[in-house]
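A.B. asks: Next up is a structure, given as structure tokens.
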Amino acid sequence: MGISRRPKADKNASAADSAPGGKPNIQKAQFDTTKKKEVGVSDLTLISKVSNEAINENLKKRFDNREIYTYIGHVLVSVNPFRDLGIYTDAVLESYKGKNRLEMPPHVFAVAESAYYNMNAYKDNQCVIISGESGAGKTEAAKRIMQYIANVSGGSNSSIQETKEMVLATNPLLESFGNAKTLRNNNSSRFGKYLQLQFNAQGEPVGADITNYLLEKTRVVTQIKDERNFHIFYQFTKGASQAYRESYGIQQPSQYLYTSKAGCFDVDGIDDLAEYQDTLQAMKVIGLSQAEQDEIFRMLAAILWTGNIQFREGDDGYATVVDQSVVDFLAYLLDVDAAHVIQAITIRILTPRNGEVIESPANVPQAMATRDALAKAIYNNLFDWIVERVNKSLTARAETSNSIGILDIYGFEIFEQNSFEQLCINYVNEKLQQIFIQLTLKTEQEEYAREQIKWTPIKYFDNKIVCDLIEAIRPPGVFSAMKDATKTAHADPAACDRTFMQAISGMSNPHLTPRQGNFIIKHYAGDVSYTVEGITDKNKDQLLKGLLNLFGQSRNHFIHELFPHQVDQDNRKQPPSAGDKIKASANDLVTTLMKATPSYIRTIKPNENKSPTEYNEKNVLHQVKYLGLQENVRIRRAGFAYRQTFDKFVERFYLLSPKTSYAGDYIWTGDSKTGAMQILKDTNIPVEEYQMGVTKAFIKAPETLFALEHMRDRYWHNMAARIQRVWRAFLQIRIEAATRIQRMFRKKREGKEFLELREKGHQILQGRKERRRYSLLGSRRFMGDYLGIAATTGPGSKIRGSINLPASEVTLFSCRGEILETKFGRSSKLSPRIFIMTRTKFYIVSQLLVNKQVQIAVEKAIPLGAIKFVSISTCRDDWFSLGVGSPQEADPLLTCVFKTELFTHMQAAMPGGGFNLKIGDSIEYAKKPNKMQLIKVVKDSQQAQDHYKSATIHTQAGEPPNSRSKPLPKGKPVAAKPFTSGRLIKPGGPGGRPSRLTNGNRPTPKPVPTPAPAAARPVPAVNPVAASIPVHTRNTSVQSTQSTRAVPPPPPPAPPAPPPAPVSKEPQYRVLYEFAGQSANEFSLKQGEIVTVLQKETNGWWLTKNVRGQGWAPTAYLEEVTPPPPPPVATRPAPPPAPGPPKMNGTNGAAIRSKPTPPAPPAKRPAAGRKPAPPPAPRDSGMSISSNGSGNNSGRSTPTPSLAGGLAEALRARQSAMQGNAKREDEDDW
């Protein structure tokens, strides 16, 4: 068996990744209950002791445990189980598809898979040589190989399927005509068959060819006790149709001499009736017409009736026919005259050397011999015709690329009486053994020596001497001696036998031992004694001219097809003998097999009783020895599993090295040997696993080759996956690009509608109303439904449901605003409302809290047609009134920040275009029914927001009335979002170019400016008043401040000395290169900035931080900074003594006036990560003031009036600044 596929990679069987420093994600081990425990060793190369006995013991263990297959490297050893083990089901067959030898248990399916895969992969012809003795299971193995190949060879068209069916149909057909029950095997092949399956370049079967060898035609006329004739005779006589029985006179097998002589009619395990139907079905599948089938069974009937012709000795001593009716019926079947049949059987035509033709009457033995010769000739030629007819149907229907041959030939035979047939059979087995020796033992060792490979020679027996003993011409071998004896005394068979025996006795060969009446040949399988009597006559293998004349006189066209050659009465040249034919066939077979890559199946018969439980160790040991399994094990353990020329090796595996291939092309410029070495190097094959010869690369273990094959298969898979991935990415780019274009188009189109609506707002105001800055922003769009009333979900949908707004009403505008409520006895005030406008009505919706629950209800629903006018002012305020003029209700006075947008939608929805907008200095509305009132609008710069009081609205000045909206601002530049993700498509869009706005694939955050060191920071001038004011903890009124005792202000303190630079307790590092973080926990760095390392990991990442934040950064980007030595502590001059209050005794004072100078600050600052001390607690009796220094003693002092005045001034300045900011913010408001 050659090399098969590597296993497919398991997608789930990948190493578990773990986080840095985390616990590895190791799966818990599970006990596999499905795996079958191995008995013995499945490969005999693994046995501890190499001996015939150890091999036999291992085979016995496996046989007892229903394991019949064992490997010797790539050779399969099969032990016949004599029972069905259920190991040839479709499920088992599927499990071997695409698997190599090491993945699955030994099986004949693995041999078939290997042969089929190697044929497709290496484009080499393959052959499977099945050897072993009769009954060891060769035919069954051949059928299983055909079953597997037919299943996996693919092809869905009708022609290929028909070819498969015909190939499988040849098994039952040829078994019926070529197999028989023997003492050693119930289904013994009595012929040899070499089936050559032909495949096209795609590995699909397109045809087949069958060559048959050594049909045992003597079985037609004679069998030993308890054996049977060929199966077809019993199938036909038991299962023939009534038409055949009437036309051909078919009776039960017991009625015919040829089927009843051995006394065995039935066989255990064989159903002749069922197999007869299988034979008929096989004939139909192969394409035999009904007429052809009729002629086949007519010839079978003729053979059966020929055997029933009996003779007796006449008065003249010659043979006469006992029953003329039998001859008459045979003449009817052969379509000849009965007289011609009697003449052909009872009259012998002799042709001496002088050319005179002599007709000699035959005696009874001679007549019976001629009768049997007639039957054998018909059956032999009928079998050849069937094989030729099958080949005609299996002719290749397309161009043939490669083939797989399956050799099924009966095995080595040793009987008590061995004659010419056994000599031919054993000779062919010797030739097959010679092939095995040459290919696995001799040729392998010779190749190692020729290629200069380091090798330990193994001793083995070369059976060439035995083959030469049988087939040699000079000196003459056994076949040549037979032919010479026939030439010397061709007319007398007994004289020929004696001449042949004399020649055998004169031979000198260690493997030949002459005896009295027989001779012994020491075959590789054992010593066999051959009987000389009749052996030369069988070697003649020529049909009497009388029988040939009989066939020539037949009026049946089919008989002329069986015997196409006309009889040449003048030809005296000796025809080829049977020995010549078998030698030519055997040599042709050897030539065919040597042109293919062989796979071997060595079959072993465990016992002679066909028992499924018996294991005869003695018999099996004998088979182990003559099959040479021990030598095969030794060579396999010491040899190389694979060898190939450098050119073919590189051609096969150059894809595996980046130095020999690029994009599938061969780019290596050196010689093929260095290329092969480069491939093995790049694939990490250990040097111990291969050797380089003179012309070939040798790989020791099959696992290595499996790995190379698997990597090659994965290469194509990966390339296909890469192309698919790029193609999918390309399609995704097109889809995304189209989506982006559509999105931008819709955005521009929809935005254009909103912008056009905004321009209509300018037209409605007629350039007479001042505008707010927000209303003129370029990004301002009139969206309309701000509350989402038209949405199906969200708060807007709940409002719609609460007011029972019909679904048919389209919401044009919605927002929140306020309404001016007038209550009796109270001033008017603003109340929040919800404004909703549809195509027909304007709704004012209220929200009330009732029993702690919000209730939403329609307060007013004003039809748009009822609105007579809308009144607004010329100022920038948001107030407007809806002039309804209802006699029962007042007009609503509303405020809404989106008033202009509301007017725009209202004008478009107003029926008849009757929208009347009044713009004046005041707002007009009916405060009470039919009672109009004017609301004045005045400009007040002190008002940040619109303020209503006493029928007057105070508002700030706005933008000029003729102001127009600013242009739409450009969007903020953002990084281009990649269309796809993955290694093959670069980020940044279809072009794959990174965006100018990105660093990597995300924007780099702006660096926060790092504060300058304290030592280099300039000290600002200190305000005398502000310098004495710490954090304000309480606002002190001016009156209370003025009531305090006056204290002169202290002199300004001297500027403090620059503090030393803080020394970090954590290591500082400088950033060498700019780094953009790729995830949330990665920290983006700017080149040159200083960071602090908080945590170091061994995986190349450190946890860093600075003023901008913290995160993980690569170690290689950082360089440690050596901190400088701390500067000397500088002392500042003492301030002059402060005049004024006497020394106070107490501990809570802010300063001690009697102390001449404050102590110097500490040399080291607190750590950067430490939080500052909390401010002092507020005091009830005044403001707490801290001096510039700190001391152990403290005092309490009352602020002076000048100090209070300075504090008040500072507070006013601060309040003014805050108001200015608030004013600016209010201006930005709606």
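Backbone N, Cα and C define each Cβ position, glycine as well.
Below are the features listed in Swiss-Prot for this protein:
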- 1-32: region 'Disordered' (REGION)
- 403-485: region 'Actin-binding' (REGION)
- 738-763: domain 'IQ 2' (DOMAIN)
- 771-961: domain 'TH1' (DOMAIN)
- 945-1018: region 'Disordered' (REGION)
- 1033-1065: region 'Disordered' (REGION)
- 1064-1123: domain 'SH3' (DOMAIN)
- 1116-1230: region 'Disordered' (REGION)
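What's the neighbourhood like for these features in this structure?
C.D. replies: The average pLDDT computed over the region 'Actin-binding' (403-485) stands at 86.
Proximity of distant same-chain residues to the domain 'IQ 2' (738-763), defined by a Cβ-Cβ separation under 8 Å and at least 6 residues beyond the stretch ends, is recorded for 780-783, 900-901, 903-904, 907-908, 964-965, 968.
Broken down by DSSP into helix, strand and coil, the domain 'SH3' (1064-1123) contains 3 helix, 29 strand, 28 coil.
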A.B. asks: Per DSSP, how many helix, strand and coil residues does the region 'Actin-binding' (403-485) have?
C.D. replies: 47 helix, 7 strand, 29 coil
A.B. asks: What counts of helix, strand and coil residues does DSSP assign across the domain 'IQ 2' (738-763)?
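C.D. replies: Summed by class, the stretch gives 26 helix, 0 strand, 0 coil.
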